[in-house]
Amino acid sequence: MSESSFARPRLVTKKFLPKHQREGDGAVVRRCIGRSELKTLDPFLMMDDFTVSPPAGFPDHPHRGFETVTYMLQGGITHQDFAGHKGTIHTGDVQWMTAGRGIIHSEMPAGEGVHKGLQLWINLSSQDKMIEPRYQELLSKDIPSAEEDGVEVRVIAGESMGVQSPVYTRTPAMYLDFSLRPSTQVHQHIPESWNAFAYVIEGEGVLGYQNNSPIPPNHMAVLGPGNGLSVWNRSSKPLRFVLIAGQPLNEPVVQYGPFVMNTQAEIDQTIEDYHYSKNGFEMAKHWRSH
């Protein structure tokens, strides 16, 4: 299939290489969303491709009003929160955390060496911002996958190749990890009203139309409107990329660091709640990670 298989193929409207920046305590990230080139991509607030080695990490910090999705590419991250929830995710595992009305947690490397992963922030609608926090954790072996004609997909959220993820996405979203052998192609349906992007982890891929120039590794590709994306691997090396899409909320976003609400008044209230350990932050008073 040389041309796209979609009536309205999605094309790349913007591509860039996110530069390295420091984050947390000594960690290094490529910030793909949440930077000057791309402030937000509704419903996505941020995406970091992170690299961290001890003693660096992400010590105790709060969240309110959105979800964080952490997908490990190498090594492991140990997280613990003020509600006593604790665990380690390793290569290929995912943690889908709904911060809702409030979480304080730490995310630190599990052991020596280099630990890498992707962390995505998904906004919650105004009616969901103050819900109780919850976690959905999938071990690598439990992430549904499918393989066909040299193309493998891991379905972290949503559906692909007839396989569906068990993850409940409060803000409707898809999160697919594709691996394409040389000279293969994939055609993935994406709901027309959703915003979407691709991030190349390794190799290089041709997105949209077959005669486009390839997108190199660590590059972000924002996709325009349409009902699906076609990707070709024309190189001699394997291609791996994530395709992420979500239904826009179309609500005002007021962000103050790790707090994301709809109005400045709600942000002021959140800062007060955090400061005085109330309205969701009660357990903050006596908790420190260890």
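Every residue gets a Cβ built from N, Cα and C, even glycine.
What TrEMBL says about this one:
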- His61, His63, His105, Glu107: Fe cation binding site (BINDING)
- 29-122: domain 'Pirin N-terminal' (DOMAIN)
- 175-279: domain 'Pirin C-terminal' (DOMAIN)
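Other residues of the chain with a Cβ within 8 Å of the Cβ centroid of His61, His63, His105, Glu107, the Fe cation site, are Phe58, Asp60, Pro62, Thr68, His79, Asp81, Ile103, Ile104, Ser106, Pro258.
Neighbours of His105 (Fe cation binding site), defined as other CB atoms within 10 A of its CB across all chains, total 23. Take the binding-site residues His61, His63: by the count of other Cβ atoms within 10 Å of each Cβ, the lowest one is His61. Regional average pLDDT for the domain 'Pirin C-terminal' (175-279) in the model is 97. Annotation for Glu107 (Fe cation binding site): same-chain Cβ neighbours under 8 Å, separated by at least 6 residues, are Gly24, Gly57, Phe58, Thr70, Ile77, Thr78, His79.
Here the domain 'Pirin C-terminal' (175-279) has, by DSSP, the following mix of helix, strand and coil residues: 12 helix, 48 strand, 45 coil.
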